[in-house]
């Protein structure tokens with residue numbers, strides 16, 4: 001209803017407004033006009049403007065233009081920081097009354113700065129499937145705030161450090177007020193059903209025909225281990241299917257062999273100086289150690305070797321091991337001592353069913369480094385691909 005001239009509207013006759021949106025004469029009744037100006041809550045112009053012939057004219061008497069929208073529903077004055085009087089504290093952009101902060105800033109008005117880099121924040125929030133907070137939450141300074149859809153729960157349906165667990169996946173028919181997890185025949189662990197003996201299916205909905213009793217089945221799967229399938233597989237009718245499916249490094253009648261134990265944190269098998277046999281390294285001649293990481297012959301002096309073995313406090317191998325060729329060999333009597341300078345205590349790593357890192361990861365100086373497909377503080381949750 002007009003022409004644009006250097007960023008300003010020149011309205012045709014019979015129209016006015018910044019965008020020529022208001023007719024001078026109105027052929028609508030007041031009732032009809034007001035009806036057209038009501039927002040989804042049936043409030044005329046959101047109580048932030050007046051209605052003119054079915055169109056809202058927002059209250060911007062100060063000329064700021066911060067109140068806008070079809071129904072004047074957006075009020076960017078909500079984004080003004082009380083202390084600095086700047087929009088989003090000068091560290092973000094405002095859209096419809098909400099601040100969208102620049103990287104490294106957070107808060108309702110972008111008033112708080114992170115003490116970690118944006119890259120580190122993103123890394124901490126990245127879930128096992130590579131998504132930020134599993135696309136189910138918001139990342140703020142390296143911590144995920146999950147979108148909890150359960151209005152009653154303090155734990156809710158979505159949880160986990162990276163919002164990777166969604167308990168709704170365990171329910172046959174999702175009803176936020178129902179506790180019908182895994183069809184009543186299993187336990188829900190991070191959105192995956194662990195079925196009781198005699199049941200199978202994604203939600204434990206199918207009965208299983210097995211001639212063995214539950215106790216007999218578990219006994220066959222347990223063998224000499226403390227856990228069925230050595231804690232690394234699924235027991236079905238006395239037979240183990242090892243995690244992860246298709247990974248040849250985990251094998252055996254009761255999944256007792258785990259060749260991942262021969263790998264260091266970089267994935268090198270037996271330090272490149274041996275072969276792995278059922279989770280134990282068989283070292284080549286001239287090498288020794290749990291991962292064949294120590295050479296038997298050393299080409300450095302004893303003084304050079306000891307200098308490399310001293311920790312920050314000047315103590316050789318923290319007083320808990322011996323030095324060989326510049327590397328610490330931690331005391332075998334204290335199995336839990338580890339680390340470059342024998343300064344770590346593996347007992348600090350989380351346990352599940354009595355096993356450190358549940359046998360599904362490596363304890364690295366008090367923290368579990370889980371193998372692919374496993375998650376949780378003690379690597380007790382399987383998040384990998386499902387069984388065929």
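Keep in mind that glycine also has a Cβ here, set from the backbone N, Cα and C atoms.
These features come from TrEMBL:
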| type | residues | note |
| --- | --- | --- |
| DOMAIN | 36-73 | domain 'EGF-like' |
| DOMAIN | 78-111 | domain 'EGF-like' |
| DOMAIN | 124-164 | domain 'EGF-like' |
| DOMAIN | 169-205 | domain 'EGF-like' |
| DOMAIN | 261-293 | domain 'EGF-like' |
Within the predicted model, mean pLDDT of the domain 'EGF-like' (78-111): 86
Intrachain neighbours beyond the domain 'EGF-like' (36-73), with Cβ under 8 angstroms and 6 or more residues off its ends: 17, 21-23, 26, 28, 96
